[in-house]
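*Asks:* I'd like to ask some things about the structure below.
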Amino acid sequence: MLMKQTFLYFLLTCVVSAQFNGYVPPEQNGGDIVVPKDFYEKFGEDFIREQEESSAPLMNPVPERDEAEAPHHPKGHHEFNDDFEDDTALEHPGFKDKLDSFLQPARDFLHTVSDRLDNIFDDDEDEHVREKRPHDSADEDAPRRKHGKCKGKGKHHKGKHAKGKGKKSHPKPEDDSVFFDDERPKHHEFDDEDREFPAHHEPGEHMPPPPMHHKPGEHMPPPPMHHEPGEHMPPPPMHHEPGEHMPPPPMHHEPGEHMPPPPMHHEPGEHMPPPPMHHEPGEHMPPPPMHHEPGEHMPPPPMHHEPGEHMPPPPMHHEPGEHMPPPPMHHEPGEHMPPPPFKHHELEEHEGPEHHRGPEDKEHHKGPKDKEHHKGPKDKEHHKGPKDKEHHKGPKDKEHHKGPKDKEHHKGPKDKEHHQGPKEKHNERPEQNMQSSHELLVIEAFADLINSVPVEEIAEEFSRFLDTLGIEYYGNIPVHIQENAPKDSSIPPLFEFDDDLELSDLTPEQFAYLEMLKAEGIDPMTAFRDQSHPAKPSNAQPADSSRPYAVFSQEENGEHVNLKAFPDHTLRVKDSKPESLGIDTVKQYTGYLDVEDDRHLFFWFFESRNDPENDPVVLWLNGGPGCSSLTGLFMELGPSSINIETLKPEYNPHSWNSNASVIFLDQPINTGFSNGDDSVLDTVTAGKDVYAFLNLFFAKFPQYAHLDFHIAGESYAGHYIPQFAKEIMEHNQGANFFVASGYEMEKQYINLKSVLIGNGLTDPLVQYYFYGKMACESPYGPIMSQEECDRITGAYDTCAKLITGCYQTGFTPVCIGASLYCNNAMIGPFTKTGLNIYDIREECRDQEHLCYPETGAIESYLNQEFVQEALGVEYDYKGCNTEVNIGFLFKGDWMRKTFRDDVTAILEAGLPVLIYAGDADYICNYMGNEAWTDALEWAGQREFYEAELKPWSPNGKEAGRGKSFKNFGYLRLYEAGHMVPFNQPEASLEMLNSWIDGSLFA
C-alpha cells in the first residue's frame, strides 16, 4: 500500500510540475473551481453559462460540436480502460482531448525522467570514457551520482500490452494523442521470397558481389543473415545515389571470417548500414568510412566485442550537424577502446531526419549515455546479438527487419517515425529545465519505484484512476461527478463542498491531488487541520473608508512612513488609544505595513512595563503557517488573556513585556487581521516583508532602534525565524538611508541579538522519525498501541526518501509529495486517539479551534466592533487561515532544508540560538527537537552533541533540562505542551529573561 501511495504522489506531482514549469500552455490551465454533482445541479447550466460570459468565469464549458466531429470508437471499446463498463465519463464532448492534454505533460515528464536516469548513471567504463571527452555536450558535465540500476523502459518495451491488439505504439510527434487499439500503425510483413540474397550459404560457396552502382531510389538488397566459417563476404557498393538505402551487414560471423569494409563515400542524406551486432574472438572489424557528407547518418559500432578484439576507430572528420555513432555499450577487460572524434558536432539541423540534432538531442541518440536505443549486450528490448529473437531473427524476422517493405524502422532520409528532431513535441521544454536539479527528482526520492514500475504504463495507470474516480473535464476543469459514487455507507465520501470553506478555493490540480489520496484511504485534510492551526474563518469584511477609525481614512490622524530603500512598502500607524481596551496600561501602537497597495500586515506593539527606554525589543511570531500572532498575545505571553465565559481581558502578571517591549505581527498576508488581494505563500518572500516592516517601524520609532532586538516564536516559526534572521544579518552589512516624516535618517542597523524557537519545525528529515517514538515512549505513557507505533515508524522509510528528495533537489513537486505522504502516514494516526495534538495529556476540547476553547474566545473578542474600532483594523479576525496553510504546502515550503541550513549560518555568524520545547507536545515534540539540534552541522556540533543535559531550576524547583555550547542552546520544559507560555507562564518568562541576560545555562 505504501508503495502504491508513493507512486500516486509521484505521478500527481509530475502533473502538477507540468503546470508549474510551463509545460502546459496558459490557456489549458482552466478555471479555479472543481464542481461536484450536487453543486453543479444546485446552480444549473444557466448559472454556469452566465458565469462563463462574465469577467470572472466560474467555468469554461466545452463548445458544442457536430456528431460528425465527435471521435468514433467501436462499441465496447474505451480509450483508457478496457475494463471500465460505463461510458458516461467518455461521452462528454471533448473528454478525450482534454484528458489527453492533462496527461500529456505527465507523459513527457516521465519519459524525460526515465531518460535522465539512464543518462546520469552509467557504467564505470562509460564514466572513464566521459572523463576523456571534456568537450562533449553540457549534459555530460552534470554531477554524477552512483545508484542502483534504473530500468527505465525503452520505446520497444512491450509492457503488459505486448500481446494482442492492446499493444501501444508511440504517438507521432505531430499528434499529441496516444494510439489506441483501432488506430495503432499496422506493421507490414516481409516474405522470404522478397529477399534478393539467399538466406544461407554452404561452406566455400562464393557470394556474388553487389552492384557497383545503383540508380537513385533503388533499394539495395540485404546481405545474407549467416555465413559459414571461411566463406568470403562480398564487398558493399562503392557508390550510392542520394536517398538510396544501404543494406545492413551480416548479423553474425564465424571465427576468422573476413568482414567486408563499408562504402568509401556516401551522398548527403544517405542512410549508413549498421555494423554487425556480434563478432567472434579474433575477428577483424571493418573500419568506418573516412568521410561523410553533411546530414549523413553514421552507423553505430558493434554492440559487443570479445576479449582482445580490436575496435575500429571512428571517422576522423564529420560535417556540421552530422550524427556521430555512439561507442560500444560494453567492453571486455583489456579491450582497446576507439578514440573519440577529433572534431565535434556543430549545432546545425541536417537534412532529412528530423530527430538527430547532434549533441543536444537528448530524446533518442545520446552518445555513450543512450540506453533507450543502443544498450549493448544487456539490452533485451532492441539489440540482443545473435540470439535476439525480438529484433534480429534472420530470414524469418517479420517484425523488425522487413527489407524494402519495412516502414516502421528504416525509412532513410524520409523517416519520420524514428527520426523526428526539433519538431518532436516531447522536446519542446524550457531549456533551463534540461540541465537543472530536476534530473535528480526520481533518483533521490523515487529510484526504487521507477525500478519496479514500467514507465510506459504510468500515464495509462493515471487514466484508470481518473476513470475509477469519475473525474471528467468540463471545459478545461477536471470536474468530479459523484453520480457513480459507491452506495456503501461504510465507505467515507469523497471531498464535498457544502459549507466547507476550507476547500472552496482549491485549484483543480490541488483538488485532483486530494481526491487521489482520498481514493487510497488517506485523509490529507486531517493533517492539514491538525498541523496547520486552522480555524474556520469568519466572513471577511472589506475595508470601508466610511469607518472613522479606519487607518486609511482621510480623517485619520495617523502617519505614513516611507523609506528610500523600500519604495513598495509603507507603514501606517494609528494614533489611537488601544490601551482603552484595558489590555495593558503601557503605551501601545497599532497599524499596517502596506505592500504595493494590495497587501497589508497588521501589528500591535506593547511597550515594556519595566524600563522601555532600555529594555530590549522582542518580535513574536506564531506559526501555522497562517495562524495569527494575536493567539500568542491573548493565550500565551501577552499582557492579558481573554476569559472564555465573559470575553473580558484578564491581566497576565507573567507577560513577556514585563522586561521587554513586544511586537505582535500578523504575517504572512491574510493571517489574523492582515489582509490583501495578493498572497505570500513561502517563507523566503514572507521574510522580505518582515524585514521591510522592521526597518519602517524603527524608522518611525527611533527611540527603540538602538535597543537589543530578539525574534521569538513557535511551531512553523521554526521555518520563519531562521530565514528572517538571515535576511536581517545579510542586510545589516549594507547601508540603508530612510525618509521618515520628511527628514533624512541615519544608516539603519537592526540590532539583532538572538533568536528563540519553541516547539518548532526546522528539520523534518530528523523530526518526523520521532512521531512513532513519541506515541509510545513519551514521559506521559503510550497513547497508541505498540502495533500502531510500529506502523508509524515503519512508514518513515518512505517518508525519509521523499524528504531527502526535497532536500537534495528543492524541486517543488517532490516537496509537495513529501508533505502529503509524511503528514498523513506519520501524523494522521494520532487523530484516532481523540487527544489534543498540542498536549497529549488532554482531550481535544474544541476541534474547530485547535482543541482549545480559549482560541475561540479570542476570535469572538477581536471581532467585536468596539475592539476593531480601537485597533483601527480593516477586516474581521481569522485565528488561522487554512488557505494560507495549504498554499505553503503546495509551494513545497514545508519540507525544504533551507531553514535548517539557515540555523547553521546564523550560528556560524555568532548569533545566539535557543531551541526550547514543551515535552507534552506531539506535533513538534521535544524528542525531534532534541535530535535535530544534536545532528545540526556547525562548528560546535561535536561539543554540543557530547554535552550532557542538566537540570534547569529557575526558582529552586526543577522545571526542565537543557544544554548548550557557545551560542547554541537547547531546553526541554516539563509539563508543557506546544504553547509553552500557556502551560508554564512563570517558567517561560524566566527562560526569556535569563536567556536575554546570558544566565540561562550559567
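Using the three backbone atoms N, Cα and C, a Cβ is placed for every residue, glycine included.
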*Asks:* In Swiss-Prot, CYS627 is disulphide-linked to which residue out of CYS851, CYS880, CYS924?
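*Replies:* Going by Swiss-Prot, CYS627 is disulfide-bonded to CYS880.
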*Asks:* Between CYS776, CYS822, CYS844, work out which one Swiss-Prot annotates as bonded to CYS799 by a disulfide.
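*Replies:* Matching partner in the record: CYS822.
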*Asks:* With the disulphide bonds as Swiss-Prot has them, who is the partner of CYS844, out of CYS815, CYS851?
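*Replies:* Recorded disulfide partner of CYS844 in Swiss-Prot: CYS851.
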*Asks:* Pick from 527-546, 607-626, 667-686: which stretch is listed in Swiss-Prot under region 'Disordered'?
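*Replies:* So the range that Swiss-Prot calls region 'Disordered' is 527-546.
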*Asks:* Going by Swiss-Prot, which one of CYS789, CYS806 is joined to CYS776 by a disulfide bond?
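*Replies:* Between CYS776 and the options CYS789, CYS806, Swiss-Prot records the bond with CYS789.
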*Asks:* Among the disulfide-bonded residues CYS627, CYS776, CYS799, CYS806, CYS815, whose Cβ has the fewest other Cβ atoms within 10 Å?
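*Replies:* Selected from the disulfide-bonded residues CYS627, CYS776, CYS799, CYS806, CYS815 on minimum Cβ neighbours within 10 Å: CYS776.
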*Asks:* Taking Cα atoms as reference points, rank the disulfide-bonded residues CYS815, CYS822, CYS844 by distance from CYS789 (disulfide bond) and give the first.
*Replies:* CYS822
*Asks:* What is the total of other Cβ atoms whose distance to the Cβ of CYS844 (disulfide bond) is within 10 Å?
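*Replies:* Counting Cβ neighbours of CYS844 (disulfide bond) within 10 Å gives 17.
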*Asks:* Return the single residue from the disulfide-bonded residues list (CYS851, CYS880) that has the minimum number of other CB atoms within 10 Å.
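*Replies:* Fewest other Cβ atoms within 10 Å, among the disulfide-bonded residues CYS851, CYS880, is found for CYS851.
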*Asks:* Suppose you look only at the repeat '1-5' (277-289); what would the mean pLDDT be?
*Replies:* 50
*Asks:* CYS880 (disulfide bond): which of the disulfide-bonded residues CYS776, CYS806, CYS844 is the nearest Cα neighbour?
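*Replies:* Checked the disulfide-bonded residues CYS776, CYS806, CYS844; minimum Cα distance to CYS880 (disulfide bond) goes to CYS844.
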*Asks:* Give me the CA-CA distance between CYS844 (disulfide bond) and CYS799 (disulfide bond), in Å, as a whole number.
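*Replies:* Spelling it out, the Cα of CYS844 (disulfide bond) and the Cα of CYS799 (disulfide bond) are 27 Å apart.
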*Asks:* Which residue, out of the disulfide-bonded residues CYS789, CYS822, shows the minimum number of other Cβ atoms inside 10 Å of its Cβ in this structure?
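*Replies:* Counting other Cβ atoms within 10 Å of each of the disulfide-bonded residues CYS789, CYS822, the minimum falls on CYS789.
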